[in-house]
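Contents: one structure, followed by commentary.
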Amino acid sequence: MALPKNGGNSSSTKKKVSYISVPSQIINSLSSSSLQSLLVSPKKSSRCTNRFSYRNPRIWFLTLFLVSLFGMLKLGLNVDPISLPFSRYPCSTGSFDEHHAVSHLAFASKNDTQSSSSSEHRKNETLPTEGDFWKQPDGLGFKPCLGFSRQYRKDSNSILKNRWKYLLVVVAGGMNQQRNQIVDAVIMARILGASLVVPVLQVNVIWGDESEFADIFDLEHFKNVLADDVHIVSSLPSTHVMTRPAEEKRTPLHASPQWIRAHYLKRINRERVLLLRGLDSRLSNDLPSDLQKLRCKVASQALRFSPRILELGNKLASRMLSEGQYLSLHLRMEKDVWVRTGSLPGLTPEYDEIVNSERQRHPELLTGRSNMTYNERKLAGLCPLTALEVTRLLKALEAPKDARIYWAGGEPLGGKEALEPLTKEFPHLYNKHDLALPGELEPFAKKASVMAAIDYIVCEKSDVFIPSHGGNMGHALQGQRAYAGHKKYITPNKRHMLPYFMNASLPESEFNRIVKDFHRESLGQPELRTGRGGKDVTKHPVSECMCSDRRQQQQ
């Protein structure tokens, strides 16, 4: 299926030219020989014929008509065909919003796409910089390489035979936050030499999604991929059902394997069942090489979405891909995001007051650094980009105006009004509700985690991905796109950009140059995770989980 094109927007030119235009239907109706006869002077005729023509008034009228037509054609043919003010759809109003309201998503025919390919090719030739936006970074030949050490494989034999101690975990937060905790749960089970019971997904107080592990992820695939690393069971065996687990809620941030063994190994050996809660960011980012590889294996290979979610997500991605390249944005503009980040949407004073009131009623929702003002947070790069700021960023990065854009995320505070700056400059903007056929999303209407998984799939398959505000989904996709060959991932440099966003006197051309320069090294190129800088290996898989023969040859 093909996405709709906004035929009402003609290409802009650097200079406005006054001209008399001739409808393309007239020009096309003339054969090449007819045009040639009009443009080439006729041969001299005989004197007898001239006398006859001189005395015949009909010849005078015919000559006058041909001269007039010749003048009109000459003026028309001198005009750049790209600048002719004719829409590809003669009856189109050019209004995206009206067209979008009539039918969620209309799809152009294949023939229509083919008929315009030559004109679009010429347009691309006049705007060569547009191709740079879609250009992929050099992955330096890095590919996944998860070769575990001999000692790791030897230890696996004894760990997998152990069926008498079990680790239970409860993971909280949104889908991507839960995903990170599941990865760490597998690592902790390996460290403790315990079998892992399939993690329990805690119902989130904001989204209220009661989905279980198997509703979101492919459970059998999860077990099979990790069969050589950790023994995974769906539930406690009958011999342990009546056992009261030792519960722990106070695991410190960034705990090392040594700390976990020192504090939990005796307890799980004694009680046989250990229950852990609140695992978010509890496991250290700096682990032994084999455990880092296991982290990558869980995140990039074992945690595959359930078949039902994969099928729908792939369908929506195929609809975006049906006409070629597309960009995906993760927009964080929901009310709870503005509240939690201590930020303001900047739409109207009324919307700012809504956010401030909600934050005063629920101060516990504010995530960290509560002593900072909104302006301090904004300048520190701790606030999500607004739709206007995303638009200016895309223009500075030379995104084509006709780029097809998929935006992921929940309903923005302010609805369509919040997205207006983006839709005005980039009208081909879609989300999952626009792409889905009637009834396709209905089974998941109240499943926020499933909706997030669908967004994840469509964003993962895009040619370019840009998050408006970090977050767990952005981090997960950064690692996944790197693992898939370093597909383009643009990290907005908010802290450096924002002073220029606020400088109203800065010419747009200078603003664009500065912003583009800020992002030359933030396009998804391989980033070595050297030393112990605390970077998450699932976000930066080079070089523990990826290796390159080409890089070794260059060295």
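A Cβ is built for glycine as well, from the same backbone N, Cα and C atoms used for every other residue.
Counting only same-chain residues at least 6 apart in sequence, those with a Cβ under 8 Å from the Cβ of Leu331 (substrate binding site) are Pro384, Ala387, Val390, Trp407, Ala408, Gly409, Pro412, Ser468. Classification of Leu331 (substrate binding site) by DSSP places it in coil, neither helical nor stranded. Among the features that Swiss-Prot reports, substrate binding site is placed at His330, Leu331, Arg332.
Annotation comment: Swiss-Prot describes Asn111 (among others) as N-linked glycosylation site, evidence class sequence analysis.
The annotation N-linked glycosylation site is assigned in Swiss-Prot to Asn124 (among others) on the grounds of sequence analysis.
Its Cβ taken as reference, Asn371 (N-linked glycosylation site) is surrounded by 6 other Cβ atoms within 10 Å in the chains shown. What Swiss-Prot records for Asn371 (among others) is N-linked glycosylation site.
Taking the Cβ of Asn503 (N-linked glycosylation site) as centre and 10 Å as the limit, one finds 12 other Cβ atoms among all the protein chains shown. Residues or ranges marked as N-linked glycosylation site by Swiss-Prot on the basis of sequence analysis: Asn503 (among others).
Residues or ranges marked as region 'Disordered' in Swiss-Prot: 110-130 (among others).
According to Swiss-Prot, the region 'Disordered' annotation covers 525-555 (among others).
Sequence annotations record features per position, and here Swiss-Prot assigns topological domain 'Cytoplasmic' to 1-58.
Marked as topological domain 'Lumenal' by Swiss-Prot on the basis of a curator's inference: 80-555.
Positions annotated as transmembrane segment by Swiss-Prot, on the basis of a curator's inference: 59-79.
Summary of the substrate site environment: with the site residues His330, Leu331, Arg332 set aside, the chain residues having Cβ atoms within 8 Å of the Cβ mean position are Leu329, Met333, Val337, Pro384, Trp407, Ala408, Gly409, Pro467, Ser468, His469, Gly471. His330 (substrate binding site) sits 26 Å from Asn503 (N-linked glycosylation site), taking the Cα positions as reference.
Most buried of the binding-site residues His330, Arg332, judged by other Cβ atoms within 10 Å, is Arg332.
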